[in-house]
């Protein structure tokens, strides 16, 4: 891949037109390398017949420019290959058959963020052409010859460190160049082969990716087997240690037995020789050995006692830890039980608050209904009372009118009585005067009028006087009758006035009672409002408690979980303490074995990593070779050994850098896999938590639905009870109204008297007013109006009779 990229970069650098190159870079590269090699690159065209001076002038003017060619023009070319050797350069020079001396200029063409091999650009100073035979078929400064690096054909006025660029076309076509160097001309088939190889490589990669999980399972099984083997190894090591201890004991016992046998032999020899015990060396040696054994036994006993004491201390510490852990577990269990109790109490309180809230809500609804009913009844009563008050006022106005009419009648009666008295006085005076006149007529006849008066005139005067007297008497009787009628009317009107006053007093009393009832109803309404406010405050408190209850329940559940976790932690600590006590004896050996196994694992991992890197490197090399074969160009370069070594060194460094990058990529891949595994584990944990929460939410929703169903059932029962209660109340109200109507009707009948009172009003007005007001009155007022209806016609009949009689 890198070779192809460098070749593409070099192809981008080379063009048909000659471009400028930094002369400082050329001089620095020449001074660093100090190499001048004459390389045979390409053929000079036949049309080129310029001399050395013209070429020198061209190189002087164009020495800071680069040559770039394509497949058709064929100017000086750049070719980079890590497998290039000096022999290839020599063969290229022989094939071209051109004598030229040139200096090589090394120029690195690098792409960003890529490591590529340096590209080599060849500049040459031509001394002749193939046509005039000025060139030599073999270069003087070839790596195969040891000579001067300076070309013999270089002009004197040109610096030896300055190179010349040949812009001639080396080949007529790409096919010719490829056929000269033994390349491949069937590019399509080559590309197809490259594509097939790439597909094969991709399939192999897919197979490798598919085999990765199998290898993972194999590695897991191998790790499990390794753990089992390690356990067996630990057990065998323990057995080996025990056997070693037993062997040491047996060896010490054997040595002691040997010492005892040797001392016994010495003692037997001394006894045979007759040496006493006080002087014998064997006895002394036995005594010293016994003392030494005694001291060693004492030291061992003391060490064993110390070990026992330490073990007892450790055991006591473990027992204390166990007791502490057990206490912690018990405390945690007690805390969890208390939390459960608190949760139960809170649930009971929640249920009680819900019930109280429902009852308060029901009482609130009842109070609202009562308040609405009381308000409606109060409105109806006030409306009825207003109507009754208006009727009473109208009746009072009528009574006032009747009183005024009675007063007018009294005044008329007084005037009539005064006229009657005057008439009586006039009659008496007339009678006296008439008697006197008759007396005078009978005694004396001196008056001419009386004398001349005839007898029939006197009879006519007497008759007229009698008629006048009769008329006066009739008028007197009429006036007396009218006076009696007026007296009766005034008495009846006084009675009616007294009755109206009593009814007005009763109405005022009713109004007072109604005001008292209204005040009591208002007080009850205020009380119900205060109760409603208290119920609403209780509802708010209950809602706040209901809002806080889930939090408290959650907190209690969290505390219970914490207590359970503490209990589990305490149990785990106890178990770990026991395991640590058991593993304290063989800790060192197990640690060594683990370290050894870890080292082995590290080495195996490194080896597998190396194998993977080698495989990746081989794949990359195969791809690079394939692509290099795909992009074979007809360019060849002859380099010196030092340049080749430097290039190979750089290639090796590039390979190392690539390997380092591959290793870093592998490590990143492993880290990514680890992070992926961790994320998957976290995802599984989150999924578990989500499942648990979903289950809890489902249970909570089921409980809420059950509670709602219960609430709906209670509300339905409450509605049924209210409907039944309303029906009963309506039935009772209907019965009461019927009773009141019956009582009022009977009372009206009892109150009707045979002596009806007449009123000064027309029949049409009385009937019209009664018919309009009858619909909006209570039963009592209806009964009273019936009595008035019965009395009014009699009154009008009496007045009509009186008028007809007067006429």
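Here the Cβ of each residue, glycine as well, is placed from N, Cα and C on the backbone.
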Of the residues 148, 633, 778, which is given the phosphoserine tag by Swiss-Prot?
-> 148
Segment assigned the feature region 'Disordered' in Swiss-Prot (from 532-565, 566-599, 634-667, 668-701) | 532-565
Out of 94-126, 457-489, let me know the one Swiss-Prot marks coiled coil.
-> 457-489
Taking DSSP helix as H, G and I and strand as E and B, the compositional bias 'Basic and acidic residues' (537-548) has 12 helix, 0 strand, 0 coil
On average, residues of the coiled coil (516-621) score a pLDDT of 68
Intrachain neighbours beyond the coiled coil (457-489), with Cβ under 8 angstroms and 6 or more residues off its ends | 406, 409-410, 413, 416-417, 419-420, 423-424, 427, 430, 434, 758, 802, 806
